[in-house]
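For reference, the structure discussed in these notes is given below.
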Amino acid sequence: MSEMTPREIVHELDSHIIGQQKAKRSVAIALRNRWRRMQLAADLRQEVTPKNILMIGPTGVGKTEIARRLARLAKAPFIKVEATKFTEVGYVGKEVEQIIRDLTDSAIKLTREEQIKKCKFRAEEAAEERILDALLPKPKEDWDSEKSDGSATRQIFRKKLREGQLDDKEIEIDVSAPQAGIEIMSPPGMEEMTNQLQSMFQNMGPGASKRRKMPIKEAYKLLIEEEASKLINQEDLKEQAIELVEQHGIVFLDEIDKICKRGESSGPDVSREGVQRDLLPLVEGCTVNTKHGMVKTDHILFIASGAFQMSKPSDLIPELQGRLPIRVELDALTAGDFKRILTEPHASLTEQYIALMGTEGVTIEFTEDGIDSIAEAAWQVNERTENIGARRLHTVMERLMEELSYEASDKSGSVTVIDAAYVKASLDNLVQDEDLSRYIL
């Protein structure tokens, strides 16, 4: 797991997300607390539960982006899910326990990658020997294997193989044949049963090998994977992955405001209040049965987020509100924020368009007043129509660059300066006309 300090986490998030310091600090503290908890004595560690977070803010201000970036920093099992995808147990749709099953699958993948790294050297050696055996088959006579391995010819070929001189040469090798996939049609909500049936049928088949002809470079990669998988103990892998989920797992619940109960609705609300009730045991702590084993959710961190434009946090059922003790409000974006978004983040929008046009040999230069005008145009459209936050910049930029993108292949070697006048000529009519803005921007 990540050992970054809160300050380092915020600094890393700053290079991708503008503003929203409160939200960044909250997730940074929550992530660091995971590390702090693991430094405690075992009996005290069991008592320290994560403080789940609820992020509240309008659409397009960075809630989901914080989750995406956090996933890369966490170095722990992480899953982002939409709360609207789930329904109450017994109805058509995904059950909330699928969240933990998916989280466990991601932990299995993470753990396998770590174990492959540890045994990569041994796997590379074994793969190298198999390729040399294919290149230099041993004579049928019962020669001493050590003498054969150390022969001058074998060492010459080993040197050439390591230097990449044999990469394009084709060889025939025996590789594990992929198990035939068995597709089982099942109704929504029955995914777990389907997975168990599929794994049962696949395990019934013998582990056959197949002879294939391929370049040495491709064969080497394939054999490394095959040899590494032989060195990994599958039972240990599952145990480590489950431990990783239970102690370090993070679940990001997006669009949680969409499962708030509507005041005017009547009858069962299977995709709203029912889902909230089903989420309660997960967030509070329960045991979920997965195909890899039983997973306890007591110490999994839940971060929920929602725009809450049509509802408010108090519309969530009280029990769920109590399980999300830390509330963070994200600020709406201003024209100044838009300007910073266009220039400051790593791989900003302006950098992306400069690089894209550069592939056609076209040079683009954004002036200071040009960027100001783009930011102002996006902010104005958000104020007059629906406020979709920073996503409006994508729409405005695409409209601004449309003509240039279309003609770029015919303008190789040209230089285009995007200043306030260029932006005004391209966008002014659309920004001023509210009806056009509604449909085009």
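Yeah, the Cβs are placed from backbone N, Cα and C, and that goes for glycine too.
In sequence order, Leu280 are the residues near Glu319 (ATP binding site), counting only same-chain partners six or more apart with C-beta under 8 A. When secondary structure is read from DSSP and collapsed to three states, Glu319 (ATP binding site) falls in the helix class. Summarising the annotation, Swiss-Prot assigns ATP binding site to Ile18, Gly60, Val61, Gly62, Lys63, Thr64, Glu65, Asp254, Glu319, Arg391 and lists sequence analysis as the type of evidence.
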Position of peak Cβ density within 10 Å, selected from the binding-site residues Ile18, Val61: Val61
Nonlocal residues around Lys63 (ATP binding site), in sequence order (Cβ under 8 Å, 6 or more apart): Ala23, Met55, Gly57, Asp254, Ser305, Leu330
Local Cβ density at Glu65 (ATP binding site) - other Cβ atoms counted within 10 Å: 17
